[in-house]
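K.L.:
Quick one: the structure is below, and I'll ask about it shortly.
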Amino acid sequence: MRVLGIDPGSRITGYGIVEQAGSRLIHVDNGAIFTDSALDFPGRLKSIFDGLTTVIAEYEPDEVAVENVFLSNNAQSALKLGQARGAAIVAAVHAGLPVAEYTALQVKQAVVGRGKAAKEQVQKMLTALLSLPEVAQADASDALAVAVCHLHSHHLVRTSASAVPHRATSWRNFKP
């Protein structure tokens, strides 16, 4: 399975593509979409949508994972971040892809094993997990972490679902 991880931002939106082959995680690509500060805000949202649409067309991911909004003391910043997330999610949905969302705590827990891990610890672990030649740009690194989190979570859901005994879906199928 190939996953596009997205770390949305109104100025910089990071993306990372990770593929799972058996138990191996393979780094496909990563990068960032830098919006032009001269554009008005709707123009920046269009840049995010267009950039991610291009990435989706080029790499053909199976699923998309997006980092969830953090709480901010600045309401205006939180609103803009939410709108950038919306542009990213719409790009994925427009391509017919399923979208999962994860908090920063969930991402750190999945990658490092500790929800309170420092950004540097996450980057170091990603470099090792994905055999990266160097640490990725900060936003791209966050996006790679979101993709890895989704692959780990998806694997856990499939594994636990297969371990759950089948339940009767109606009384006719009930067998004591």
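Using the three backbone atoms N, Cα and C, a Cβ is placed for every residue, glycine included.
Note that the structure is a prediction, hence the values are computed from the model and not measured.
What Swiss-Prot shows for this protein is this:
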type	residues	note
ACT_SITE	ASP7	active site
ACT_SITE	GLU67	active site
ACT_SITE	ASP139	active site
BINDING	ASP7, ASP139	Mg(2+) 1 binding site
BINDING	GLU67	Mg(2+) 2 binding site
K.L.:
Pop the Cα-Cα gap between GLU67 (active site) and ASP139 (active site) into the table, whole Å please.
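P.N.:
The Cα atom of ASP139 (active site) is 11 Å away from the Cα atom of GLU67 (active site).
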K.L.:
How big is the gap, in Å, between the Cα of GLU67 (active site) and that of ASP7 (active site), rounded to a whole number?
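P.N.:
The Cα atom of GLU67 (active site) is 6 Å away from the Cα atom of ASP7 (active site).
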K.L.:
Tell me which residues of the chain lie with their Cβ under 8 angstroms from that of ASP7 (active site), as long as they are six or more apart in sequence?
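P.N.:
Within the chain, ASP7 (active site) has Cβ neighbours under 8 Å at THR13, GLY14, TYR15, GLU67, ASP139, ALA140, ASP142, ALA143, VAL146.
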